[in-house]
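Take a look at the structure set out below.
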Amino acid sequence: MRRILIVDDEAPVRALVAKAMEKVGYECTAAASAEQARKILETETFDLVMSDVNMPGESGLDFIQYVVRAHPDTATLLVSVMDDPAVARRALDLGVYGYIVKPFDLTAIQIDVESALRRRDLEVANRRYREDLEALVAERTRELLRQKEEYALLVKTLPCVVYVGNPDWTVTFVSERVMDITGYPPEAFLSGGKRWHEMILEEDLPLLRAAVKKALKEEGAFVREYRIQDAKGRERWIQDRGQIVRKPDGGIDYMSGVIFDITAQKRAEEALERAKEEWERTFDAVPDLIAVMDKNLHIEQVNRAFRERVSGLESDLVGKPCYTVLHDRDRMCDKCPSNGGHREERVYETEVYNKKLKAYFHATSAPIPDSQGNVTGYVSVLRDITRQKKAEEALKSAHRELDQLFSAISSVLIGLDAEGRVLRWNKMAEDVFGLNSEDVVGRDLDELGIDWQWDRVRQAMACCRAKKKSQRVDDLRYTRVDGQPGFLGLNINPVELDQNRGMGLLVMGAEITHRKLLESQLAQAQKLESIGQLAAGIAHEINTPTQFIGDNVRFLQDAFTDLADLMEKYRELCSRALTVEELREAAEAVTQTEESLDVDYLLEEIPQAISQSLEGVQRVARIVLAMKEFSHPGQEEKVPLDINHALENTLTVARNEWKYVADVVTDFDPTLPPVPCIPAELNQVFLNIIVNAAHAIKDALDGGRGEKGTITVTTRYRDDVCEVRISDTGTGIPKHIRHRIFDPFFTTKEVGKGTGQGLAISHSVIVDKHGGRLSFETEEGKGTTFIIEIPLE
């Protein structure tokens, strides 16, 4: 209800006017003076203030001036007992909406009040509209209401054209902004050279004339929207908001108003309409099932996919609950995402299986808030993920198969992320390192306590990341689960991880300890074969000269025997010749020569030298034969072998290793039958153990024991088993390493003096290849006995 403040010092007038206004629907408040009215205005607001001119105290004009300044949104009317033009002009100058002369007609007052309020509403709406368009304009507009004298500056700054025109489309005032909108300067319109209606598009003129006629029939205010063509031929949308001012006789005096360029607004509206159409097309084009619902989950709108999938017309779906349409239920579903969103007023997502549609859906429900944030409804989106679910199941199955494949692979597989954390750890990795997958996945590889050559591993990983190429780490030493040393062969490969997680690594490894052992054995065998071939050649080369040297020495022995006999005959002849005068001189010369040559000494020493030479030649022959038999490659299959003879040959070959530190005692069983074996490999076992025995005795001598040691070699035949014992009087085997002496690559010798393969190979030859047993008995400080048992069957 509109409120009016009536200010008049005459109570009857206040009451009369208040009654008339209240009769037509106004709420009235009365004040007897300007001072009283001011106090009322401090706490209350009014749509219109009607004040008498002449009142005790402050005059009506001064009070109206205050109201216009302090309450610019309030319309004002001035009442006077006389028609004073000077007062009326001042009132109009102040911005008063009307001037009423007493006595007055109450009906006229009602009309004046209504007109003033309408004018006030128009001005307020106009000002607020301009304020909404631009904050600067709003400020200038409020400034215009406060100070009329700044009107010209305000007009200049307004984002619209201000005009005063005549019925014949000529103008008496137009602001400079007209140049921005039309492309014509103000002078073109003021001079009459250009009339406004000439720019209006022909098809818009009928609507424009109709708006003017309607304004004439009513209060004269109008709002018109039409198109013009500017000076450059461009089409522009115009909003013309004005007021027709009539002459006292009712004719049109002039029209004043403002013109806004609403081209951008119109284009925005057109764009909005197109966007709406595009949104509707997009809404229908989305393959997901979309439903817009009210707060009670009753459907308000659905897209084409929803209609087609549910097999219903939109008119049949709108207004029905979603749970009835989708599930044929009469109440809300417990696990429905819309139910969750309905209760919690948040976006809710889940996966559901719809029995009615026989499909899996990813369901999303989101609340629709109003401008105050209150939920007015929900939008539900159902995305068919049936194929995806099937693909996920297939992918899970593939992952299971892949995991089974990884587990079945006989190589170590370790997957690492860009930071070195373990992503994958297969069954072989568990077996090799003794760490379960559950305990290592997600942890840094460095934290797992793997005992291997970390410097080589880190260097290879860094190189792999830098070069983005696979890196090979061969013969990587590590400690096995049983605490024994072992070897790994690693391939470190770069792997581009998904989701921009950087470069990971795939470490593929093989446990090559057994292979290394075989390679070492092969190398040893190849070495022995080469040595055997070389020794056989040397033996052949030595054997030939040894043979003819022996033959020559024996020839010299036989010849010397004959010459010795001849010498006796010569002596006997010389003795007889001394008795013959004619031969005495010659015999004496022979005797002197014999004495000077010390023939007796030669006759005594030459046989001994020849005998020792023959013994040396025979010893060389035996050594050459032993080397030849020891190093002969032989067969790869088992053949019967005289073990006693083989041990004699081995002792002969190894003589240089033991002769300076030990004496050898043999106790061979003469009843020992030939043993089926691989001769070359068994000879190597004997040699390894005898050499170790010699080294052990040497260590004992170096430790302070003065006398030479003893190596005792014994053979026995028991229960179809050939037993060979090789004992030494060395240092014995320390207790803390006894369990490791048959381990590959384990050695107590200094670097360069042993590979740690001798006993490991020996154990493999006896146990694996001959089905026998290799054991030992030892006592620290006293010596060790190695026991070789080979079955004869």
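First residue shown is number 1, and so on along the chain.
Placed from the backbone N, Cα and C atoms, the Cβ positions cover glycine too.
Those TrEMBL annotations? Automatic predictions, nothing curated.
Straight from TrEMBL, the features:
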COILED    119-150  coiled coil
DOMAIN    3-117  domain 'Response regulatory'
DOMAIN    147-219  domain 'PAS'
DOMAIN    222-274  domain 'PAC'
DOMAIN    346-397  domain 'PAC'
DOMAIN    398-445  domain 'PAS'
DOMAIN    472-524  domain 'PAC'
DOMAIN    537-793  domain 'Histidine kinase'
MOD_RES   Asp52  4-aspartylphosphate
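Taking all protein chains in view, 23 other C-beta atoms sit within 10 angstroms of the C-beta of Asp52 (4-aspartylphosphate).
According to DSSP, Asp52 (4-aspartylphosphate) is assigned to a strand segment. Among the recorded stretches 3-117, 147-219, 398-445, the one sharing the largest number of Cβ pairs closer than 8 Å with the domain 'PAC' (472-524) is 398-445. Averaged over the domain 'Response regulatory' (3-117), the predicted model has a pLDDT of 89. When the domain 'PAC' (222-274) is classified with DSSP, helix, strand and coil residues number 12 helix, 30 strand, 11 coil.
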